[in-house]
Amino acid sequence: MPTTFKEIPRERPVTPLLDQADTPHGLRRLGEAELETLADELRLELLYSVGQTGGHFGAGLGVIELTIALHYVFDTPDDRLVWDVGHQAYPHKILTGRRARMSTLRQKDGVAAFPRRSESEYDTFGVGHSSTSISAALGMAIASRLQGSERKSIAVIGDGALTAGMAFEALNHAPEVAANMLVILNDNDMSISRNVGGLSNYLAKILSSRTYTSMREGSKKVLSRLPGAWEIARRTEEYAKGMLVPGTLFEELGWNYIGPIDGHDLPTLIATLRNMRDLKGPQFLHVVTKKGKGFAPAEVDPIGYHAITKLEPLNAPVSVQKKVSSPKYSGVFGQWICDMAEADSRLVGITPAMKEGSDLVDFSERFPERYFDVAIAEQHAVTLAAGMACEGSKPVVAIYSTFLQRGYDQLVHDVAVQNLDVLFAIDRAGLVGEDGPTHAGSFDLSYLRCIPGIVVMTPSDENELRKLLSTGYLHTGPAAVRYPRGTGPNAVIEANLDPVEIGKGVVRRQGQGVAILVFGVQLAEALVVAEKLDATVIDMRFVKPLDEALVRETAASHELLVTLEENAVMGGAGAAVSEFLARANILKSVLHLGLPDVYVEHAKPAQMLAECGLDAEGIEAAINERLALIG
């Protein structure tokens, strides 16, 4: 069984077997008897590596043995291995030639946080969002068959990701085309937060049967032995009355279901995978793992150790005076929703499996009957809110910008067309840093402002966030407030829940010649630049409805209008300004500053903003360049 470590090593560990096995070809030269020692070395290397850089942590620890077994049994990269989401892919990266570069993990020009096709031939499909792996592996399996290839396609998906409808769409389709593929359910009872819903309960009931394997003839040919009784007992729920054969759900869909087996038992994993490798058609293997396995603190607190920051040096200087920390924007939202829930009993909070990330823990504890975690099901979350709004509730959907993309049709068809009172609290808007382009909130202003009837707001600091959340909540019809990851400028936050006038911006600095129209948290940078250029700075607040009167007035009194946003320039807030000027037949020089028409690669947020010219230096340079052109 795996060794359990109690501390993250600060010095690179001695790993003689891993030194020989940093590619799958090297791994396959090892004897099976050496693999359990290799697993301990790989786990220790992962602890050391992530301790140096920070990053996703618990999920990778839980799939050490599975990762070794997959690369040992299958002919990767010819056999296609697809990791769902990618939080668990660090051991895979270490074993596929990237060990020496793991010190650059999540850093500018370094190893990406998630599998990337451009990074390695072993990363057969780029991921980051949940529940895509089965569809991707199915597509690969079909294409391979059309090309006359016998290669295997393998999807590794967690029980959390299996709560999303897309996964079941693929599970339903694969048997129809008799796809030669394997789906591995990594069942650790976790996604990021604990799983919820009927499917999670169903999987737990599967674990409650200790004798099911002997009841299935097919399993006898595949499983070398059952997992330890103590492991099953630990995960047991009361046996579901009348459930004779676990896995019925998957078998009824047309899959050959095997399991569950112990995902930390390497001999069993290898023997089972070898047998399943030669089976034709859609195969489904259910493995039971523990998130954070092998690191004692993570086993106790898998949510807290989902990801970690890098270790501070032992000799780092200790500041005598504590720095006053600004509140996180998500924290401001978390306080606001509790305050508004106290004031209005109609408020309900909805999140797709991001209770901790969206800062809804306090709300869920204080108002449990009004809190709804729908699991990884963004489409359902939006339409659930629509249904609640139809009956007089006031739903607040707390969701990351990048994940709202997955519920866009529901936002349009089910909420906006019916003009329902739903507030979208859109977290992680703009560039998010080390997680890279799959998690950036680059497009929400563009895809929201084209929807008729919606109010779209961009707060510039913590106090503005609270005000605009109240404004959106009290508005009749759909509304959206987008705010970034991290902390604000430590603005004084007013305790009231008063709204502001919809569609009205605020002049924050009066200057001349140049006017900077700010949509969001770049207000601080704009004010720095304005002091140098004696420019006017306007906090626009609203992308939709746009303060057209203020834009018209400003255009008449300034030589150059500059729009500033942390959103794609194409179709964003700046485009809204230019569209208005065109409709009003106002000829004016306009400079749009925002995210360029590329995917901005992972780095620290400040580095990403500088790369896009959205720091104070870049903003000033762009304005001076335009002023030079217009004379």
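Each residue, glycine too, has its Cβ placed from N, Cα and C.
Within the same chain, the residues at least 6 positions away from Asn188 (thiamine diphosphate binding site) whose Cβ sits under 8 Å from its Cβ are Ala59, Gly62, Gly158, Asp159, Val288, Thr289, Lys290, Lys291, Pro302, listed in sequence order. Under the DSSP three-state reduction, Asn188 (thiamine diphosphate binding site) is assigned to coil, being neither helix nor strand. Under the heading thiamine diphosphate binding site, Swiss-Prot lists His87, Gly128, His129, Ser130, Gly160, Ala161, Asn188, Phe295, Glu378.
What Swiss-Prot records for Asp159, Asn188 is Mg(2+) binding site.
Residues His87, Gly128, His129, Ser130, Gly160, Ala161, Asn188, Phe295, Glu378 are listed as the thiamine diphosphate binders, and the farthest two of them sit 32 Å apart at their Cα atoms.
Under DSSP, Glu378 (thiamine diphosphate binding site) is assigned to a helix (H, G or I) in the three-state scheme. Within the set of binding-site residues (His87, His129), the lowest number of other Cβ atoms found within 10 Å of a Cβ is recorded at His129. A sphere of 10 angstroms centred on the C-beta of Gly160 (thiamine diphosphate binding site) encloses 30 other C-beta atoms.
Mapped onto three states, the DSSP output places His87 (thiamine diphosphate binding site) in coil.
Least packed by the Cβ count within 10 Å, out of the binding-site residues Asp159, Glu378, is Asp159.
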